[in-house]
Amino acid sequence: MSERQLEKSIEHAVELAREARNIEVFTGAGMSADSGLETYRDDKTGLWSNVDPQAMASIDAWRKDPEPMWAWYRWRAGVAARAEPNAGHQAISYWEGSDTVEHVHITTQNIDNLHERAGSSDVTHLHGSLFEYRCSDCATPWEDDKNYPQEPIARLAPPQCEKCGGLIRPGVVWFGENLPVEEWDIAEQRIAEADLMIIVGTSGIVHPAAALPQLAQQRGVPIVEISPTRTELSRIADFTWMSTAAQALPALMRGLSA
């Protein structure tokens, strides 16, 4: 993107943001890329590049052999816990606290909790969280002991539920599982109330989450996409700001403050 094109992108985004009072921010893995967390879809460095998703992210795989999955998710939780919110996360939190808007809501596909750690208070997790755990059988919550492996390990036995003896599992949504109904309903409601949607760092190919921006489009909500590359959602966006979250969102805040 040329310098002039970048200026135009900022001007357009700022113009839309100035007129909006209720903001819906829809984020994916690219949101956390500048925090050092690899995206799932990156062909060269993606977290899935050397791992079969069906082997580490399906309920069937968990039922067959939970130890490799427990080891992997505990390691991932440690990686996420050591990461820091980037400038993009901080910018959204700043926006929420500014007097230019009434409300900023985040619907995220991420499971790293970096939005909350940056200070955002209204975050809906479509795919759960690395830091929430429950019994596989009775759903009793398990308090995280934060004893995370420092390096990936092949196998680790999940702890057992004190109530029923079932295995403790990560509180994330796997292939073969439904998205949480309450979170989905909240996301739909916030989109219904929004007068601007910002899409950040998502490929738009993970369903049903990818259908949410289409709801905004159907309502006539202006959509700004922030992504280094064009995605499946670019066609429904009013325009795509070809940049990263850590670059574009602070630039947007500076534009609003000018």
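Glycine is treated like the rest: Cβ placed from N, Cα and C.
Database features (Swiss-Prot):
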- HIS127: active site, proton acceptor (ACT_SITE)
- 28-48, 109-112, 201-203, ALA245: NAD(+) binding site (BINDING)
- TYR73, ARG76: substrate binding site (BINDING)
- CYS135, CYS138, CYS161, CYS164: Zn(2+) binding site (BINDING)
- 3-258: domain 'Deacetylase sirtuin-type' (DOMAIN)
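Taking Cβ-Cβ distances under 8 Å and a sequence separation of 6 or more, the neighbours of GLY36 (NAD(+) binding site) in its chain are ALA83. Compute the center of the Cβ atoms of CYS135, CYS138, CYS161, CYS164, which mark the site for Zn(2+); besides them, the chain residues with Cβ within 8 Å of that center are SER136, ASP137, ALA139, THR140, GLU162, LYS163, GLY165, GLY166. Counting in whole angstrom, TYR73 (substrate binding site) lies 11 from ASP112 (NAD(+) binding site) by their C-alpha atoms. Mean pLDDT of the predicted structure over the domain 'Deacetylase sirtuin-type' (3-258): 92. The shortest Cα-Cα distance between CYS161 (Zn(2+) binding site) and any of the binding-site residues GLY28, SER32, ARG76, ASP112 is the one to ARG76.
Geometry remark: ALA245 (NAD(+) binding site) versus HIS127 (active site, proton acceptor), CA distance 20 Å. When other Cβ atoms within 10 Å of the Cβ of ALA245 (NAD(+) binding site) are tallied across all protein chains shown, the result is 27.
Non-local neighbourhood of CYS138 (Zn(2+) binding site): CYS161, LYS163, CYS164, GLY166, each in the same chain, at least six residues away, with C-beta under 8 Å from its C-beta. Distance noted between the C-alpha atoms of ASP112 (NAD(+) binding site) and ARG76 (substrate binding site) is 9 Å. Under a cutoff of 8 A between CB atoms, and with a sequence separation of 6+ in the same chain, the neighbours of SER32 (NAD(+) binding site) are ALA83, ASN86, HIS89, ASN110, ASP112, LEU114, GLY201.
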